[in-house]
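Trainee: A single structure is presented below for examination.
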C-alpha cells in the first residue's frame, strides 16, 4: 500500500518498535475502522492516531510542589488580551515548566504542537458539551439553564461525525452565536475557532477511549466506574431527592424522581426517553419472578415494547449502601423449582434444599462482575450459576434451571410510610454514638446543624492549630462544627467495615483539609462530598475527592463568594491503606498478590500530603473554617 510505503519512508524503525511505541495507551489512542486488520503490526490507512498526555495546566499559576504547568490558559488557547502584561506566565522555558515538559517527554514540541495537545487532553481548557441538552426533549433538551448555560448546546453525535439523523436532527449541528460567545470567552484564537469541530472530535475520541478502557479491569474484580459522570450515575435515582430533597439540585448527576423506580420507553428519535404511564403497575408486575411481561405488551425479558426499547431506572442496590439506608433497591434472586414456581436463594420450607448462597451474596457478586460464574451447593449437589445466561446447572446431571433477578416491590404508599417512619427520635438515631464534644441538643435525622466553636475552647484551639501550621498569616474569623447525624452514622458504619477488613485493627483516619466553591458548602454539609458534582483538584492521582494535609494547599481551591473571606473544610477521612495514585484511576488499585484493594491514593507513599478518596462514606465533613 502507498500508505505503508510513505509511513516506512518517514519512520525508519522496525515494525515491532513502532508497534510498541503506538501500544503505549498513556501516549496514544488509535481509532481504527471496523474493517481494519487487528493482527496488523502497524495501523492501516483508515486508522486515526491521536496523541495523549496527562500533563495539565495548574489552576492557580504559582504554587510549590505542583505537577501541573504554570501557564496562562488564554495564552494556551491562543488569545490572551493582556499579552506581555499578563500576570500569569507565558514562559514555557521557566525551570518549573521545562522540568515538567522533560518529565512528560514533550520538551521538543513547538508551542503550537504543545498547545494543540493540551487543548485536546486537558478538560479545563475547552467548555464541555451540555449532556442535559443532548438527552432531554424540547428546544433545550433537559437543560434548565437554557440560554444561560455555560456549556455548549450542540449535538454530541454531530461533533463525533456519527449523527444518524443528519439535517433532520433536532439538536444543533453548528456552533451558534451563544456557543461562539462561550468559546470566545475561553480565549480561543481565530485559528482554533476555525478548527473547533476537529478539536472537539479529537477530545471526545480520547475521552471515549479512556471510558472504554476503564470499563473492564482484567484479572480482578471489575468496578463500574468511568469518566467523570458515568451512564450508571445518570440512570440512578437520587436517594436524597426522594427523602428530603437534593441540596445539589440541578447540579446533581442522578435522576430526580419521587419513587425509587421509573419506567421509560425509547422515543422515535432513538435518543430521548418518555415516561410510561401507571409505573406502579409496571413495577408490581416486574417484581413477580413469574411475570414475563405486562398487559401493555412490555416484554420484561427483552425489555421492549414492540420495537421500542424499555428501561427501568432505580435507586442504588441495597448491598452498596449501609443497612440503615431507606428506599434503596433490594434485589431478590430466584431459581425455578420442580413445580414451575420460583424459590428465593437461601430460603425454602425444606432446610435440606436451601441453597448455600443468599440473594445478598449473589447481588454483591453480580455487581462486582455480571459475567462471572458462582459455585454453590444444595442438598449435597454442586451447582454453577452463570450470570451471563441467568441459569444454574447441576454439575453432576448437567440439568439447567432458569434464574431471575427482580426487585422487592415498594408501593408509593410504602415510600411515604418509610419516609414518615424515619423520625429524629427513632431508636436507630438515638443508638448512634456521637463525639462527646457534640451539642446533643442540635441533632437532626433529616438535615445538619452547624455549631460555632468558642475561641477559648480546646476544640477550637486544636482545629485552628492545624490550620495555622501552614497558613500562619491568615486570620480565622470563625470555626463551625458540622453535626449531621445521618452522615456520621454512615461514616461509623464504613469505619467498622474497614476495621474488619483490616483484621480488627483500627483503620488509619486523619483530619485533612478541602477547599471548594463556597456555593457548595451547604450541599456538602447535607449530602457529603461527591467529586462528580463538587469537582476535584485535578486528576493527577485519580478521579476522586482530594484532601490535603496542609491548609495552604487547600487554600488554592477555596473560592470566596464575597471577595473578602474564604471557607475551608476540615474533614475526618478514613484513609486506610493507601498507595501512590495516577490520573487513570477511578477507584483504588488492587493490592499485589491479593484479592483486596487499597482504600485511597496519595501523592507520596512515605510522606503523603495529598489524599484521593473515591468512596464518600470514608469522609465526614466535621468543621468549616472561615478566614481571610
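Any Cβ shown, glycine's included, is placed from N, Cα and C.
Heads up, here are the entries from TrEMBL:
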COMPBIAS  424-433  compositional bias 'Low complexity'
DOMAIN    71-93  domain 'C3H1-type'
DOMAIN    154-176  domain 'C3H1-type'
DOMAIN    318-405  domain 'WWE'
DOMAIN    434-628  domain 'PARP catalytic'
REGION    408-433  region 'Disordered'
ZN_FING   71-93  zinc finger
ZN_FING   154-176  zinc finger
Trainee: With DSSP helix as H/G/I and strand as E/B, how many residues of the zinc finger (154-176) fall in helix, strand and coil?
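Mentor: Split into helix, strand and coil, the zinc finger (154-176) gives 7 helix, 0 strand, 16 coil.
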Trainee: Just give the helix, strand and coil counts over the zinc finger (71-93), going by DSSP.
Mentor: 8 helix, 1 strand, 14 coil
Trainee: What is the average pLDDT across the zinc finger (71-93)?
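Mentor: That stretch averages a pLDDT of 91.
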Trainee: Using DSSP, what's the helix, strand and coil tally for the domain 'WWE' (318-405)?
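Mentor: Split into helix, strand and coil, the domain 'WWE' (318-405) gives 16 helix, 32 strand, 40 coil.
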